[in-house]
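Below you'll find the structure, written out as structure tokens, and then a few comments.
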Amino acid sequence: MRRRHATACTRHVIYCYTVPMPAHFPPLVAPSVLSADFSRMADEVSAVERAGADWLHLDVMDGHFVPNLSFGAQLIKALRPQSSLVFDVHLMMAPVDPYLEMFAQAGADHIHVHIEAGPHTHRTLQHIRSLGVKPGVAICPATPPEAVAEVLDLVDVILVMTVNPGFGGQKFLTSQLGKIRTLRRLADATGRDIRIGVDGGVDVETAALATEAGADMLVAGTSVYGQPDYGRAISALREAGRRPA
């Protein structure tokens, strides 16, 4: 449970105790369309919306920043009229700045850029906000959590990669749990409402580990789209991620 320190003073003694920080409860579930059936993408998006998804996660890969290609702004624009879900767009590309307006106009509600993607992350995040889109910062497994400390005043979401980005279906890296804890502490210290998402290898077991460490948004690919019942899969992830109040 996330906590902050507070003090209560009497005439003779100071008592120190802990007060729970507000928690997002239960965590949001954001199915990743990277694991959907691309031949019927609009139907797949509608299906997870009916099944109770909170957000829709869209991974954009350029074949340069990560070793894979996925899709671009055109697909997001085509899907936008089909869904009222929050479109959570993750740009795994470099450079990102020339394309931000394109993705904002396509219908992104959130845009995550990687802290590793360029030297001017402050400017990039400010630009995203100026476009009327909520900015987020993503961080790769090998990058220390302190790398995002200087931009926490500019983001609404920190997206922790719990696999090396580029391909779905990978195993969750438990080494990232310590990073999630550190980021939760840093985020809470700002006094701002910052979500921490995890992306990669999320299933019922790892959802519980991630949320215990401080995550409150779960990106889920095959653990939703690879299951026969999307509604049951989403509910199972949400239930696994519940933390005591």
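Using N, Cα and C of the backbone, Cβ positions are placed for all residues, glycine too.
TrEMBL annotations: computationally assigned, not manually curated.
Just one of His90, His110 is listed by TrEMBL for the same divalent metal cation site as His57, Asp59, Asp199, and that one is His90. Inclusion criterion for the binding-site residues Ser32, Gly168, Thr222: a C-alpha placed within 10 angstroms of the C-alpha of His57 (divalent metal cation binding site); this criterion is met by Ser32.
A Cα-Cα distance of 9 Å separates Gly166 (substrate binding site) from Asp59 (divalent metal cation binding site).
In the three-state DSSP scheme, His57 (divalent metal cation binding site) falls into the strand class. Reduced to three states, the DSSP call for Gly201 (substrate binding site) is coil.
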